[in-house]
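Annotated features, as they stand in Swiss-Prot:
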type     : residues : note
DISULFID : 48-63    : disulfide bond
DISULFID : 55-72    : disulfide bond
DISULFID : 62-87    : disulfide bond
DISULFID : 74-85    : disulfide bond
SIGNAL   : 1-20     : signal peptide
């Protein structure tokens with residue numbers, strides 16, 4: 001009976017050690033994957049097209065503003081035959097950002113008042 005009990009304890013210890021090793025390997029793999037995604041995102045973020053610059057080469061490359069991504073808007077200038085595309089912020093998103101800014105400032109004032 002002692003042998004079975006010791007063998008059982010040995011198996012449980014071995015199983016817990018091996019599962020801990022697998023979890024560590026899994027965590028390391030997940031961490032490496034996350035770091036590679038972050039690096040790709042940083043590289044992609046550097047390639048964005050600023051507001052009011054030409055975005056005809058890639059219409060999805062516009063930079064983000066504080067809350068929303070700018071939109072590539074194309075138009076024909078008066079008297080011209082060539083299409084011009086620039087990154088712009090739609091007016092409704094501009095107003096939403098202003099409202100969010102004012103709400104943040106107002107929230108800060110309320111926080112000051114009530115501590």
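From the backbone N, Cα and C atoms, a Cβ is placed for every residue, glycine too.
The two recorded residues residue 63 (disulfide bond) and residue 55 (disulfide bond) have their Cα atoms spaced 10 Å from each other.
It is 63, among the disulfide-bonded residues 55, 62, 63, 72, 85, whose Cβ has the fewest other Cβ atoms within 10 Å in the structure shown.
Fewest Cβ neighbours within 10 Å among the disulfide-bonded residues 48, 74, 87: this applies to 74. When the disulfide-bonded residues 48, 55, 62 are screened for a C-alpha within 10 angstroms of the C-alpha of residue 85 (disulfide bond), the residues that qualify, in sequence order, are 55.
Here the CA atom of residue 55 (disulfide bond) lies 9 Å from the CA atom of residue 74 (disulfide bond).
If you measure from the Cα atom of residue 55 (disulfide bond) to that of residue 87 (disulfide bond), you get 6 Å.
Among the disulfide-bonded residues 48, 62, 87, the ones whose Cα sits within 10 Å of the Cα of residue 72 (disulfide bond) are 62, 87.
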